[in-house]
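In TrEMBL this protein carries:
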type	residues	note
SIGNAL	1-21	signal peptide
DOMAIN	23-83	domain 'Sushi'
DISULFID	Cys25-Cys68	disulfide bond
DOMAIN	84-141	domain 'Sushi'
DISULFID	Cys112-Cys139	disulfide bond
DOMAIN	142-204	domain 'Sushi'
DOMAIN	205-264	domain 'Sushi'
DISULFID	Cys207-Cys250	disulfide bond
Amino acid sequence: MAPSLSLLLICLLALYTPVTSKKECGRPSLGDGMDLEGLQRVYSPGDVVVLSCKQGYSPTSGSRTIICTASGQWTKSRLKCSTKSCSFPEALDHGDMEFVDIVYQSTINYTCHEGYTLQGASTIECLHDGQWSDPPPTCTPVTCGLPPIPKYGKIVYDSKFTGNMTVFGFGGTYECFPPLVLIGNERGSCSTNGDWTEPPECKLVTCSAPTDINNGYMNIHDKREYGFKETVRYGCNIDYVLDGPVEIECLQTGDWSIKPACRVPCKVDIKRGRILYNGRTFWIKDFEPNKISHGEVLSVYCMNKEKKCGYAVSTQCIDGNLKIPECFEEPSDKFNDDSLPSEIAQC
Ligand SMILES: *[C@@H]1O[C@H](CO)[C@@H](O)[C@H](O)[C@H]1NC(C)=O
Ligand SMILES: *[C@@H]1O[C@H](CO)[C@@H](O)[C@H](O)[C@H]1NC(C)=O
């Protein structure tokens, strides 16, 4: 029994030893962008493998072959694969480009500025051979025909041109034949959609005869129609105050600009007492003429009953209305001067 067992052990050892002494290589580790042909799971000592660079990568240096050595290690390769680059793109006239890199598989996006259209590919890609997929696009201006001209008007171009086509941005200034008035945009140009901007109209503008104002007068007497931009001046009768512009103008719309008004003077509506006006005091019966102009201010006197002192309270004439402050008390007709708030100590 024992001899046969030891024989078996010897046989097993004999089988095992050659296997362990002859080592194999695993898959070689590959650097960035590297490739190899006929990948196997295991390689025997002496096996030779040729490394290469993948599409889009170019070899820079070093030998390409590695050998599986008896110790189960691959020899070192100094091959390096670097990404291929495409040429640096030129700037796009009247447009923009967007890109992050110019290496294999990078893309460039192109766009054109307003008023320009893109001719060609809007996106190009850097291919494995280091060439761009398409030539760069161009931006060509939008074109328009000739501008619309208003009846009884014309356009004066910004610069000379011939033919029946204009390009984006080209423009001019419209004019109307006098006495017609230009209503709308004075400027016109070829716009982004290939059409000219909306032309103006040439119209005859008249305003009906201007109307009088109360308590005032106009500098004209003829009741005729007036033309665009004609003016009329207004004035006010004595003691009346002009509120608003002195002059009105016939507008594009055929209406007059806002008319002024003549504001009415005020009467000081108290029978007795003293007032303060323009820094001076007056007994009302001596205030002649009893009249202050629109916008002017005067004061009446009120009594502080607790402190037994007088004080002036001001009020303003607004278009014929002068509100007497509520604290004012009209003295009786047999009043004693010395007791009036205007005559006693002031607060
Ligand atoms: C190009 O445009 C595409 C689609 O709009 C976008 O996904 C991509 O990020 C753009 N590329 C660059 C480089 O801007
Ligand atoms: C522009 O003029 C050319 C000849 O000069 C003519 O063939 C063409 O039809 C014209 N185009 C327009 C839009 O009028």
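Just so it is clear, glycine is given a Cβ too, placed from its N, Cα and C backbone atoms.
Shown here: features listed in TrEMBL, placed on the structure.
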{"residue": "Cys25", "record": "disulfide bond", "DSSP (3 states)": "strand"}
{"residue": "Cys68", "record": "disulfide bond", "DSSP (3 states)": "strand"}
{"residue": "Cys112", "record": "disulfide bond", "DSSP (3 states)": "strand"}
{"residue": "Cys139", "record": "disulfide bond", "DSSP (3 states)": "strand"}
{"residue": "Cys207", "record": "disulfide bond", "DSSP (3 states)": "strand"}
{"residue": "Cys250", "record": "disulfide bond", "DSSP (3 states)": "strand"}
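In this structure the C-alpha atoms belonging to Cys68 (disulfide bond) and Cys112 (disulfide bond) are separated by 57 Å. The average pLDDT the prediction assigns to the domain 'Sushi' (84-141) is 96.
In space, Cys250 is the closest of the disulfide-bonded residues Cys25, Cys207, Cys250 to Cys139 (disulfide bond), judged by Cα positions.
Across the fold, the C-alpha of Cys112 (disulfide bond) and the C-alpha of Cys25 (disulfide bond) stand 57 Å from each other. Within the same chain, the residues at least 6 positions away from Cys25 (disulfide bond) whose Cβ sits under 8 Å from its Cβ are Val42, Tyr43, Ser44, Pro45, Asp47, Cys68, Thr69, Gly72, Gln73, Trp74, listed in sequence order. Taking the disulfide-bonded residues Cys139, Cys250 in turn and counting surrounding C-beta atoms within 10 angstroms, the largest count is reached at Cys250. Same-chain residues at least 6 positions away in sequence with a Cβ under 8 Å from that of Cys207 (disulfide bond) are, in sequence order, Glu225, Tyr226, Gly227, Phe228, Glu230, Cys250, Leu251, Gly254, Asp255, Trp256.
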